[in-house]
Amino acid sequence: MKANRPKRDVHPDLARERLKCNFNIEEVTNIIDGGKDKTLERKKIEDIALNNGACLDEIPDECLSIKERYENAIRKSCIYSNIVRNEMLEITGMENFESPVLRRTADAFFKDISPFMLHLGMFVPTLIGQSTPEQMAEWLPKALDMKIIGAYAQTELGHGTFIRGLETTATYDPDKEEFVLHSPTITSYKWWAGGLGKTANHCVVMAQLYTQGECHGTHLFIVQIRDLDTHMPLPGIKVGEIGPRMGFSSADNGFLGFNSFRIPRQNMLMKHAKVEKDGCYVKSAKHGKLTYGTMVFIRVTLVSEMSFNLSKAATIAIRYSAVRRQTELRPNEPEPQILDYPTQQHKLFICIATAHAFQLTSKWLWDTFQAVMADVRKGNVDALPELHALSSCLKAVSTSDALSHIEQCRFACGGHGYMLSSNLPFIYSFVAATRTYEGDYTVLLLQTARFLVKAWEQAESGNNVTPTVAYLNRTANTKRVVWDNTHEGIIQSFQAIAAGKIGQCVRSIRDRIKSGMDYEDAWLMTTVQLVAAAEAHCRAVLVNTYWNEMIRLTKSSSANVKTVMHQLAVLYLMYWALEKTGDLLKYSSVSKQDLDDLQRRYEELLAALRPNAVSLVDAFDLRDEILHSSLGSYDGCVYERLMEEAQKSPLNAEPVNPSFHKYIKPLMQGKL
Ligand SMILES: CCCCC/C=C\C/C=C\C/C=C\C/C=C\C/C=C/C(=O)SCCNC(=O)CCNC(=O)[C@H](O)C(C)(C)COP(=O)(O)OP(=O)(O)OC[C@H]1O[C@@H](n2cnc3c(N)ncnc32)[C@H](O)[C@@H]1OP(=O)(O)O
Ligand SMILES: Cc1cc2nc3c(=O)[nH]c(=O)nc-3n(C[C@H](O)[C@H](O)[C@H](O)COP(=O)(O)OP(=O)(O)OC[C@H]3O[C@@H](n4cnc5c(N)ncnc54)[C@H](O)[C@@H]3O)c2cc1C
């Protein structure tokens, strides 16, 4: 059901903030979107999706039962998919079905997540990345046209991280030219796949392939699990929803078990390896991990996804902080806007800067991903290890940083930030999951660490290393870098910290081996340091990439846009330098005086950014329908919206709840 929202005048405090803006907001929006044409395209897509009000709910999702919430999510997913299929893909181009604009516009329909998200987010990319041309011709058009709806079922009850340990089996039967899928134990049940519980009729399944009596490790299979007409699970399939969780409430994450369930031979996704009719196994991939390609793709897209979520949280918290007034600074003076407190600016301006850092880095990462994939298609897999290391650490650090900054945004909104109507709890719980799914934080940083240790050893022996670790060639054999408080100096210090930490890991591993440990134990004992080293490497990549991209993208900007973009990037460098003072003292010549100076300059920068704060979040150009926030709407009518949302609580539907007569009154009368 559609809800009509009253149009209100902009709150005078927000109106005054907007008058203070000294830069061209649209120019900054264009930079964030990736160009003027991209902004226009985004607006056009948003207009198509949002101007008919289909996304608005009379009753907030959180006030519905689990079943109602799911049914409402399906209703809206169907409306949204229809718009995507019929109107939006014409604008983005069919090949850009994974366009972040489509993903972001979907947020207007779902405070939480659409049950179809994994269909477009993982099922379709797996078809594209893992199928032969014949398989693609068979399934992709149906999937894009929503004739089949898919999920990605890899994780099992007993194993998520360790893919090689998955237990589901796919045993080839040459007589019938079929694979037999089986779940031999309770721990082998698929668990978690989004959209699997109630929505999907197909899924991609990762299973151990057995043929001619031999196990060939994990491979991907496409499996129909429900009847297309009745939607009933097919015989041999046990499928359901896994139950309530912290977020993802409308995503029907599911479980799935197979009882000797048969699929045709052609349902093994055979781009990188195949099973012939007679059962002969033929591997064509030049790299053993190409079947993990969908995960790498999602890790890459998550960096931009984190920028988006952070920009939403920052917009909410900064608009609210401009309207909220609290505490007298001096007797009898009006209470200041809480945005005037430097402590509030410290919590929030880094969120704007980080959203920019992630957005600019994500575009660069996406281009790198595309280039490496183009090489892989030509048979050259040389750059895959670097891409894996890069996408792993950027996924880990961007999701982790976004999560803690979003929590800061909630803290910055005091009690009202705890209200679901602020939308901050939804954003937080969505982002909390990203730190775990598609590879847990620690696990992915340890993957990057493997690459870094090898790179360090190469650099140590005088060999050139790949571009993202090229700093090792300069710093691997240097003890401490000379501190220099310019942006170049700070970037070099981050590289020196990374090189110093990686070197320390290598020495720890070697020392442990010398004292009698085998390599595995020496590595294991060093993993706390290895995680820290990979994080440091990621920070070095982030500061360097953000800075370079900011300079490149503002080359033809107006002077004031250059200034404000520059200020944000400097803020980002200083914030992290101050967060890492212990490391700087260890790996650079920084002195206490240098750090005191840095702190003072950081505080001055907060003050310099203050007048532009509201306009900087306006530049994210997030429509109210996408923000879903009583605290963050463009007009800043915070108190009216909080009250309006409170009226929607089902508990306010009747003046006296029946439980009064049933329990409270008897208790009061001593009759219970
Ligand atoms: C409307 C439009 C929609 C568009 C949607 C667009 C965007 C979507 C945005 C948001 C998404 C929204 C919602 C999505 C919600 C949820 C989805 C969640 C899905 C999932 O979670 S799926 C399951 C994901 N699971 C994991 O990630 C498991 C993590 N584990 C692993 O990746 C691996 O097991 C491992 C930890 C990397 C280890 O693998 P293993 O086979 O044991 O290998 P090793 O022995 O450790 O390493 C050997 C060697 O191989 C290298 N390696 C490993 N992985 C890769 C790789 N992927 N690529 C290249 N190389 C790899 C490794 O580094 C080793 O190399 P050495 O040289 O050191 O030997
Ligand atoms: C909301 C959500 C949606 C999801 N959607 C899907 C989906 O659509 N499809 C799908 O297949 N899966 C999905 N998943 C599953 C997800 O990919 C896994 O939960 C994730 O990969 C982590 O695996 P795990 O749960 O087995 O954690 P575990 O691997 O058991 O990790 C538990 C802890 O052990 C630590 N640990 C594990 N291994 C190591 C190691 N080698 N060294 C050091 N520490 C280690 C981790 O750091 C972590 O702290 C989803 C998960 C969530 C939360």
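Even glycines carry a Cβ here, placed using N, Cα and C.
The model shown is predicted, which means the values in this text are computed figures rather than measured ones.
Pulled from TrEMBL, these are the features on record:
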type: ACT_SITE; residues: E438; note: active site, proton acceptor
type: BINDING; residues: T155, G194; note: FAD binding site
type: DOMAIN; residues: 24-149; note: domain 'Acyl-coenzyme A oxidase N-terminal'
type: DOMAIN; residues: 292-453; note: domain 'Acyl-CoA oxidase C-alpha1'
type: DOMAIN; residues: 488-669; note: domain 'Acyl-CoA oxidase C-terminal'
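Around the Cβ of E438 (active site, proton acceptor), 22 further Cβ atoms fall within 10 Å across all displayed protein chains.
Taking only the Cα positions, the spacing between G194 (FAD binding site) and E438 (active site, proton acceptor) is 12 angstrom. When Cβ atoms from all protein chains are considered, those within 10 Å of T155 (FAD binding site) total 18, not counting its own. Taking the domain 'Acyl-CoA oxidase C-alpha1' (292-453) as a whole, pLDDT averages 97 in the prediction.
G194 (FAD binding site) is surrounded by 27 other CB atoms, counting those within 10 A of its CB over all protein chains shown.
Between the CA atoms of E438 (active site, proton acceptor) and T155 (FAD binding site) there is a gap of 10 Å, rounded to the nearest whole number.
According to DSSP, G194 (FAD binding site) sits in a coil region rather than a helix or strand. Per-class residue totals from DSSP over the domain 'Acyl-coenzyme A oxidase N-terminal' (24-149), listed helix then strand then coil: 90 helix, 0 strand, 36 coil.
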